[in-house]
Amino acid sequence: MADFFRKVVKRVELPREDDTVTHEQLYLANKDLLPVPVENRIWGKWTYLFFWFAEGSSITSLTAVGTAVKNGLVLAWLACILSHLILVGFMVCTGRLGASYHVPFPVVARASFGTWGSYWPLISRNIMTVIWSGVQGVSTGNCIYLLLHALTPKIAKVHNPFSKDVTMTGGRLIGFSIGWFITLMCCFVPPHKFSRLVAPKSIIMSIFILVFFAWTIAKGGGIGNTIYRSTVIPKGMSHGWLFWSQTMVQTASNMTFAANNSDLTRYARRPNDALWMQVIGYPIGTGIVAFFGVFIISASQAIYGKVQWDPIAILDGFLLMDYSPATRAGVFFVALGFSFSQVTTMIFANLISAGNDTSALVPKYISVRRGAIIAMILSFAITPWNLSKTSFAFTNYLGSYDVFLAGFVGVIIVDYFWVRRGFLDIHQLFSGKADGLYYYTHGFNWRAFAAYFLGMVPFLPGFAAVCGAKHIPDAAKKIFAQSAIFCILLSGGLYALFCWISPPAGGMQKVWNEVEPGNDFIPRVDYVDGEEGIYDEEKDTAVVESKSAN
């Protein structure tokens, strides 16, 4: 039996080249974690411009602005634009590491949190990525259900095994399953090749957002009264605070992009290709969708007698009101465009990052492809339809976990731009030696962890309130609502202080020294017997002795 399990374990081990990594470093590297080969650095300026425009103009952005209007904020599109302008500043900083050194977040995190300490950011981010994958999967499934509903009314009459308080139905579950399977198949495509989908997604989504806008306005006989009404201010809340809180909610719900960005920018031809294009594309794409989204949501009130925050529900209502061939054709093509957009969003925003994180946890056995597949399985297992029962639940669930990601972002930015001054020793990032530059204390950088956890302390009572805790002061809830920004600033500031008091290995760099890995990059790794150099199995005494013993 023992021999059987050994054979199984050996079977699932990833293939490797002997001149790439040692046995020791099988727990630190595989091909997917090493710097992207030059021939695969194919994302140029236009790729990133279209990419970020497409990510900003997504169904999720349309739904987010819908929740803000539903919750009483008429100026939701301004809050949406402001939130993405704030977020893109952090994205530029974290994306610089990937664009310059062409390594993913799991490797970048080793520089600040330590060789083994980086596992905590990976696990935390992976949890958020799986949740997002599930929620995005529900949106994708709803788009596909809408497409099927336009083809046949029978899909709406499929037996519903879910309770009434859950938005999922039997028909929607079929759509979810189809979308899940399509996305699963995309896991088998190398990430850098998805650049071909960026421009089509931007064009398709822009066209169908405009079609949806015009159609809704025509059906409602105008933009409705919602856009003209005064903002509904909840009791005890000012207009300014409502606007700012919605801005922070939308910033928090997209915080994964600030953490994930190096996973995407690592495919850049040149570092600056990824820089300014995201500054331009992301806020503009979001702003356009948010602007039209407010009018679409407002017009829904004229059509249905109440504000409908879910764009898919608006389109489905068109079919319920008029199941004519013209309506069916219109809904079908809009739903087809939205479905394509959602699948690509799943890939770029979730699966690439989930694949990198899971691969870095056990690089000996898990590639980015296998990691993405694992994330897809988990995204189904968490029953994500329970996370979006209402508009408030939708924003609360997506916005509450940002506090765990924001601290990582703050520490990594300060470490790279202030402590390291742009210099990362790529070879040392894949070294497990105790005297390695990023090994710190037993593989953990106490400065990073102290800054991270202390930076979260002011926001934990508010997080407890979101999770259902009672008797939490309103002040704590308001503090938590701003965690997306201030947790980054606080954690980053504390990390700078700790590094100033106790400089890490290598000291505080004095000049900017960003070094891009060249065409001939081969990791300089450590032999089991302690010798350093390019790996050669014949020189590895541990391997030679093992072969002799056999």
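The first residue you see is number 1, and the count goes up from there.
Each Cβ is built from the backbone N, Cα and C atoms, and glycine gets one as well.
Annotated transmembrane segment per TrEMBL: 75-93, 129-152, 173-191, 203-228, 279-304, 329-351, 371-387, 399-419, 449-473, 479-501, in sequence order.
At the 8 Å Cβ threshold, with sequence separation of at least 6, the transmembrane segment (75-93) lacks contact with the transmembrane segment (329-351), having fewer than 3 such pairs.
Remote same-chain residues near the transmembrane segment (371-387) are listed as 126, 129-131, 133-135, 137-138, 162, 166-168, 172, 176, 180, 183-184, 187, 350-352, 354-359, 393-394, 397-398 (criterion: CB distance under 8 Å, separation of at least six residues from the stretch ends). Counted over residue pairs 6 or more apart, the CB atoms of the transmembrane segment (173-191) and the transmembrane segment (329-351) come under 8 Å in at least three pairs, which marks the two as touching. In this chain, the transmembrane segment (479-501) lies apart from the transmembrane segment (279-304): fewer than three C-beta pairs between them fall below 8 angstroms, excluding pairs fewer than 6 positions apart.
Beyond the ends of the transmembrane segment (329-351), by six or more residues, the same chain brings 51, 54-55, 58-60, 129, 132-133, 136-137, 139-140, 143-144, 146-147, 149-151, 179, 182-183, 186-187, 194, 197, 200-201, 204-205, 207-208, 211-212, 215, 256-257, 260, 264, 312, 315-316, 318-319, 372, 375-376, 379 to within a C-beta distance below 8 angstroms of the stretch.
Stretch with the largest number of CB pairs closer than 8 A to the transmembrane segment (203-228), among 129-152, 279-304, 399-419, 449-473: 279-304.
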